[in-house]
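The structure appears right after this line, and notes come after that.
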């Protein structure tokens, strides 16, 4: 698999797992006495997920189904991150930033990524046959 795609997927895995573990598990607790628990554990979890993704995609089979799943997950993750952080960067006062990613761009990227992954597989098969 292309190293750039693996790096992007690893980064998306890191950001997503860090964000979810921080805000769901650690944000509601008073961690003034232990800053490592509040910030360090989610960061280490994100690093672990990124390393797992990089290792798991090193010898990925290039079949139709794996291309569809990879395209859907990659484009869905990119859409989710762009829809989540984009409105916060462009208009910090708006409160609809997370809703855009949860309701629109994440699912849209997932739905469009599947057919694009299949198209990528089909083009790669035609090049290999020629």
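These residue numbers are counts, starting from 1, taken along the chain as shown.
Each Cβ is built from the backbone N, Cα and C atoms, and glycine gets one as well.
Residues or ranges marked as transmembrane segment in TrEMBL: 7-25, 37-56, 68-90, 102-123.
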Other parts of the chain folded back onto the transmembrane segment (102-123), taken as Cβ under 8 Å at six or more residues beyond its ends: 62-64, 67-80, 82-84
Residue numbers, six or more beyond the limits of the transmembrane segment (7-25), whose CB comes under 8 Å of its CB atoms: 38-39, 41-43, 45-54, 57, 73-74, 77-78, 80-81
